[in-house]
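Student: Here you go, one structure.
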Amino acid sequence: MEASISFLGSTKPNLSFLIPSSNVLHRRDSPLPALKLKKGLVLPRISHRNRLIRAQCSDGLGPEEDDGFVLEDVPHLTKFLPDLPSYPNPLKESQAYAIVKRTFVSSEDVVAQNIVVQKGSKRGVHFRRAGPRERVYFRSDEVKACIVTCGGLCPGINTVIREIVCGLNNMYGVNNILGIQGGYKGFYSKNTMTLTPKVVNDIHKRGGTFLQTSRGGHDTAKIVDNIQDRGINQVYIIGGDGTQKGAEKIYQEVERRGLQVAVSGIPKTIDNDIAVIDKSFGFDTAVEEAQRAINAAHVEVESVENGVGIVKLMGRYSGFIAMIATLANRDVDCCLIPESPFFLEGKGGLFEFIEQRLKENRHMVIVIAEGAGQDYVAQSMRASETKDASGNRLLLDVGLWLTQQIKDHFTNVLKMTINMKYIDPTYMIRAIPSNASDNVYCTLLAQSAVHGAMAGYSGFTVGPVNSRHAYIPISRVAEVTNTVNLTDRMWARLLASTNQPSFLKGEGALQNVIDMETQEKIDNMKISSI
């Protein structure tokens with residue numbers, strides 16, 4: 001079967017089916033019937049004006065086959081402003097882009113979410129490819145853009161800010177750009193600052209955020225009131241999953257009011273827990289900086305008798321930094337993450353493993369993510385659950401707790417002298433500038449966001465999907481947290497590297513904190529290669 005895709009192009013059909021659609025072309029849970037396509041069918045032709053999917057069959061025959069193609073589309077301003085005019089993209093006259101063979105991304109270009117497929121499998125979910133379009137929906141001299149940063153710090157925020165400003169100015173000739181200071185509440189409680197390429201010239205060399213940040217403070221109506229009062233028509237929002245949920249609400253309110261305002265999200269989280277995209281910016285820098293802490297712990301513990309070093313790394317709900325930093329370092333004996341519960345006492349427990357390693361090597365290094373063992377710690381300390389301004393659960397210091405537990409056990413129970421070393425580099429890692437790899441990545445994210453907003457897309461976020469930058473509905477990246485898959489080969493590689501136990505079985509295990517579905521997956525784990 002052959003099928004071509006035409007999103008905005010024209011065809012000469014013999015047969016047409018008009019099917020009302022939302023932003024999703026076809027989902028398994030959709031009440032709409034699947035289109036069964038035959039050779040020569042052109043699918044889908046999406047009109048931004050009426051949001052219809054037009055399936056056209058050139059041979060006059062009815063649909064017979066379903067290739068399973070799904071486009072998770074992002075909203076366009078013409079969805080609620082059907083008469084919005086478009087203009088030629090200024091990049092047509094750009095000296096820099098004159099050398100590019102294909103200056104503009106075709107409306108037919110999509111990026112597949114799943115790159116590994118089997119013969120005969122469905123084509124699956126796709127997203128619009130990011131990049132400049134031939135037509136734009138804003139005149140450069142009429143654009144008034146704003147940028148806001150929310151949530152915790154992360155390497156690379158300043159680079160994203162800088163490249164949004166430079167991208168708007170250098171590529172599209174936009175001169176009116178505002179910085180919203182202090183997070184979401186800055187829209188209605190703080191002054192703005194004018195951003196120019198000169199103002200942001202060297203901010204990528206600093207850590208933190210040039211615009212300052214805060215948690216909470218999201219009042220959708222007030223924010224959109226401020227956007228409307230200031231005449232802002234492009235909003236760039238840099239933040240994590242909570243921030244992106246807020247961005248989606250802002251877009252929905254903008255649409256309800258019928259405003260020509262493009263809302264673009266740039267996903268930020270040092271923990272790499274944003275769904276759909278390959279990785280979040282700042283992650284590579286965090287892993288690289290974590291090596292310094294792990295190396296320091298290793299030097300300390302191998303210089304004393306029975307040295308035990310504990311390094312606590314970031315990872316509230318996801319253990320990606322701890323896992324990748326452990327794999328990169330190779331001096332780590334044990335890695336503990338939120339996704340994999342552990343226990344201390346009894347056969348197969350952490351105490352037994354530490355004792356074994358000290359007998360073998362006379363020292364040991366443990367890397368633990370900040371969210372690991374929180375239920376265990378809370379039970380032990382009888383702590384109450386409290387949350388921060390963003391609604392995140394406030395974590396107990398599992399590193400200090402584990403340090404004390406190990407010290408008490410070996411000193412009081414085993415009557416064994418050990419030298420404990422505890423290192424917490426959390427804020428040192430968060431506050432540093434991004435490295436070269438993340439700087440390039442941040443540049444691509446920022447430019448993709450600018451291209452998307454100028455092309456009239458809204459309510460979208462950007463990021464690499466299988467190494468190709470794409471426009472993704474904000475709801476997709478905000479609906480679920482990306483976590484380490486304990487049945488994946490990457491976690492198996494870590495277990496093979498450290499030779500640590502899985503901690504999921506044993507007489508000392510806390511059965512009440514072990515997810516039974518995860519337990520079953522581990523029991524049935526069949527890994528053919530490492």
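Each Cβ is built from the backbone N, Cα and C atoms, and glycine gets one as well.
Bear in mind that the values here come from a model prediction, so they are computed numbers and not experimental data.
Okay, these came from TrEMBL:
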ACT_SITE  Asp271  active site, proton acceptor
BINDING   Gly152, Arg215, Gly216, Gly240, Asp241, Gly242, Thr243  ATP binding site
BINDING   Asp241  Mg(2+) binding site
BINDING   Thr269, Ile270, Asp271, Met314, Gly315, Arg316, Glu370, Tyr427, Met428, Ile429, Arg430  substrate binding site
DOMAIN    145-451  domain 'Phosphofructokinase'
SITE      Gly242  site 'Important for substrate specificity'
Student: List every residue in the same chain as Arg430 (substrate binding site), at least 6 positions away in sequence, whose Cβ is under 8 Å from its Cβ.
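Tutor: When sequence neighbours closer than 6 are ignored, Arg430 (substrate binding site) has Gly152, Leu153, Cys154, Pro155, Gly207, Ile270, Ala286, Met314 within Cβ distance under 8 Å.
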Student: Given the binding-site residues Gly152, Gly216, Gly240, which one has the fewest other C-beta atoms within 10 angstroms of its C-beta?
Tutor: Gly216
Student: Specify the nearest of the recorded positions Thr269, Asp271, Gly315, Glu370, Met428 to Gly240 (ATP binding site), where nearness means the distance between Cα atoms.
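Tutor: Closest recorded candidate to Gly240 (ATP binding site) by Cα: Thr269.
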Student: Could you measure the widest C-alpha to C-alpha distance across Thr269, Ile270, Asp271, Met314, Gly315, Arg316, Glu370, Tyr427, Met428, Ile429, Arg430, the residues recorded as binding substrate, and give it to a whole number of angstrom?
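Tutor: So the maximum pairwise Cα distance among the substrate binders is 17 Å.
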Student: Might you list, by sequence position, any residue in that chain lying six or more from Asp271 (active site, proton acceptor) with a Cβ less than 8 Å away from its Cβ?
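Tutor: Counting only residues 6 or more apart in sequence, the Cβ neighbours of Asp271 (active site, proton acceptor) under 8 Å are Ser280, Phe283, Met314, Gly315, Arg316, Tyr317, Ser318, Phe320, Ile321.
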Student: Only counting partners 6 or more residues apart, tell me which same-chain residues put their Cβ under 8 Å from the Cβ of Met428 (substrate binding site).
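Tutor: Listed in sequence order, they are Glu289, Ala293.
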Student: At its widest, how many Å does the recorded ATP site span between Cα atoms of Gly152, Arg215, Gly216, Gly240, Asp241, Gly242, Thr243?
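Tutor: Among the residues the record ties to ATP, max Cα distance equals 12 Å.
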Student: Quick check for the class: what is the C-alpha distance, in angstrom and rounded, between Asp241 (ATP binding site) and Thr269 (substrate binding site)?
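Tutor: That comes out at 8 Å between the alpha carbons.
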Student: These are the binding-site residues: Gly242, Gly315. Which one scores highest on other Cβ atoms within 10 Å?
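Tutor: The residue with the densest Cβ neighbourhood is Gly315.
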